[in-house]
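Contents: one structure, followed by commentary.
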Amino acid sequence: MGRKDSVWSLGEGQAPEDLDKTVDTPPLSSLLIERPQGGSITVGGDISFVAKVEAQDLLRKPTIKWFKGKWMDLASKTGKHLQLKETFDRRTKIHTFEMHIIKAKDNYAGNYRCEVTYKDKFDSCSFDLEVKGFVDIRSAFKRRFLLNRQEPKQDETPEVDVWEILKSARPDQYEKIAFEYGITDLRGLLKRLKKTKKEEKKSEAFSKKLDPAYQVDKGGKIRLVVDLTDPTVELKWYKNGQEIRPTPKFIFEQKGTQRILVINNCGLNDDAAYSVAAGEEKCTTELFVKELPVKITKEIEAVKTTVNERIELECEVSEEGAQVKWCKNGVEVPTGPRSRYRVKSDGLKHWLIIDDASKEDTGTFSLMASGGTSEAKVQVELKPLKIIQDLQDMTVLLGQPLKMHCEIFPGNVPGRWYRNGQLIQSNDRINILQRAKNHRLEIVNSTIHDAGDYTFVPEGYSQSLCAKIHIVDPPRVHLESLNFPDNTVTIVAGNKLRVEIPISGEPAPRVILDSGHRVRAETFPDHTSLTIDIAEKEDTGNYKIVLQNEAGEAGACVKVKVVDIPDPPEVPLVTEVGGDWCSMTWEPPIYDGGSPILGYFIERKKKQSSRWMRLNFDLNKETTFEPKKMIEGVPYEVRVFAVNAIGVSKPSEPSKAFVPLAVTSEPTMLVVDDVTDTTVTMKWRPPDTIGAAGLDGYLVEYCIEGSKKHSIDMPLVTNKELTEKTKYTITGLPPEAKILVRVRAINAAGASTPRTLQHSILVKEVIEPPKIRIPRHLKQTYTRKVGEAVNLVIPFMGKPRPKVSWLKEGQTVDPTQVTIRNTDCDSIIFIRKAERKHSGKYDMKVEVENHVDTAIVDIQIVDLPGPPQCVKIDEVWGGNVALDWTPPKDNGNAAITGYTIQKADKKTMEWYTCIEHYHRTCITITELVVGNEYYFRIYSENMVGLSEGATQTKDSALIIKEGMQLKNPEYIDHDFKEPPKFTQPLINTFAIAGYNATLNCSVRANPRPKVIWMKNKIAIIDDPRYRMFSNQGVCTLEIRKPSPYDGGMYSCKAINDLGDALVECKLEVKGQFGL
């Protein structure tokens, strides 16, 4: 048992009840090829234990544990006194596990165990460590026991009851007590002690029980006595549970209540547990038989002989069948079936026989009995050695078998083989054979380590046989151990390259390296190295290595691949540009850096900016890309980065600046304007969306229906140069052919989607009756001031080209006064400087063959009116003056809209306006200053303005103080009733879908008219999408969030008792954003 204060002791001792328990251990398998061996050291010394495991068939490293005693795992005890180490030899594929004990202490002694596990395999090995200076209880007890047998001191030692001492002692003192009193069976003693320590109940059958234990000498007599409470009770005696029957050896006696068992001639087989049963009660005791010492009666005689002779050592003891032990030099002699030693006994005599003596048998042999020891020296000498065949020097190829042979006399002399002074042991590869005088050393597969000086030393002789073995191995380059694919070493440019290439060969080969001047080569016994301090792209290539030695020559090639970031890609090319996008392409970099291109990063920037913006964060695998979300009309540049496994290249050169431009939307409202026998005239409206690129013009295309050469997908272009007009005539067409026409809008971004006429056009002139389309503003009197230009365009329709004529008041228009120009679709009246004589009604007549259409245009040239006539003072009263006058003789060819009356004090003659825009021809001027004398003048006014001159009263009006009688004039009520008349017509309107639209007009009528709104001649009544307002004659129709279906002709009709009036307009609703 270890002590509690030890550094890594076994811990507390086992409880007595656990001593018989077995430990479950997995089945053993042969994992250990070298097991740790026991050893001994002095206190403070160092020692190592080595275990080796072959990993040839193991996929991973096995698990090893070191224990002291049964359970103490030493992995948790490592420190300055205990170290665990493990290594692995890749060449031999052997795991080596070592346990080093440093500066051992006395409590480090004991039994150790090494356990190795791998999956379901298990192997274990136990070994002992002896620390000198530490007393082992068991060995000391044995020595003490033998000393007690040799020198018995029974008379001097008083009798001691060991059981009483053990009962009162602590468990940790059991071994000390056993050692002191010569107890050999400590384990059995503890078992029995455990039973005796149970609490004894008071017996009803026994008044006195057996003692716990009895002791008797071998051959002696012992009495076991019990007292019964009831003498009539039947009594039975048992030995180890078996009932004892009366025999000469076992005698039953009784004295009163005492019952006695007498055991005669006690032998060792009587050492047992005895019990007595009285009824159902039982008491138990232990009987210990003490063996008497065996004495030596005849000593061993010394022997001197030679090798291979028979040796018999004889000794006689005092007792037959006594147990004795033969020892050599204090160590017990093995006497198993395979041992060289045989033991024989006959009565009191004992022999030790050695049939074939060897020199190792020289020593001191002894026979040890319990009562003494006898010793004798045996000396075995050798016979003279004679060498019949000496060892020969050899040269062997690596891997070939090596066989060495020699013959010596005498033939039965064993020997030892040494290599370079190291003892050679037999194993799976090395066989050491001896047959009589022949000694052979055979190595199955020779290795480099097998080379050296071999020596055979016959055992017991100073002579030896020597030979020199030289192992040669052709040189080899072990590139496969580098695990480089295709023997290619990859290095990033700028880094240091050092490649260590394993080589082999015996003797060490000379290395010749075919490399550039930048590569530095170094050679070592087991490898050669290639070093490039700073790798560059030019270092890529094949490097040849040549090995030479006396066994041959070998070569290998190592490929060095220097990888780097790729070169920049070529300048990107922008192939297509859209409104906010473009399409770009580029060529991969010329040099990919030695590593495949993984993808590309693309950046863009505004031309005037210096900040680049990354467009993709995931690598683009292709060499094309479409940047998006650019601002139309702003110039941009793009560049590209190439990416490989090493990193990102430098950017490419920026592309040429480009401007994102979008093509326009398709032209709108494509219609046929005119058709003749050889021409077709088309007209259209500009696109709704034009964009930043503007509009350069239009391209008109057509194809003849049914033509095999051309189709609507491959049309003919009519205008080689773009036309900026929204009207174009296609000429040179075959008569009565059918054509399909489409128009494209062209700008810097390209051609728009074509607008195609849905139906084909027949190239044939059709007679169309004439029709004059009088503009809305000319349906009423067209008014202009004198001196202004008159330019009226009156469109008309008709085919073929109509004949146009003009008349004024039934007379032919004087071309010197009015210029008339006629075209195919309209007629223009132009007067450069209008005069009042140009006023009148002009009759327009349009003729196409027998078809006629006419229209009247009323032109009114107005001028300033003349002054009023006959301005006079009718009456003066109080501060009031009544004036009267007549309208001017010349109204300027326009109705008089009002008069302006001014007054002037006679004293100053400064004129002040009394009232403006006065409609009547009489007025009363009030609030005149009493005592002043006034003159009055009046200006007439029409739509052109005030008359150039004014008519002044001839007389003055004096405001006097006297009162006067006012004569109230009689007035006739004016009739203000008039039929409805629209003073502001409706105007053609464009609206956007989804946004409210309003139509406005103004009407004048008395009484107030009823206003009705209509769409396409249908009255709008109780429709929630429309709201109608009328305020002070202003009529409003609000259309809530119109859609394209709300477009059409809208009209407003005003009705009262005097008549009605109607105005119309066209509403066109476009989609959102002009679509």
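Using N, Cα and C of the backbone, Cβ positions are placed for all residues, glycine too.
Region 'Disordered' is the annotation TrEMBL gives to one range among 1-21, 505-525, 883-903, 967-987, and that range is 1-21.
Secondary structure of the domain 'Fibronectin type-III' (568-662) per DSSP (helix as H, G, I; strand as E, B; remaining residues coil): 0 helix, 32 strand, 63 coil.
Residues of the domain 'Ig-like' (293-379) grouped by DSSP class, helix first, strand second and coil last, total 3 helix, 47 strand, 37 coil. The average pLDDT the prediction assigns to the domain 'Fibronectin type-III' (867-963) is 90.
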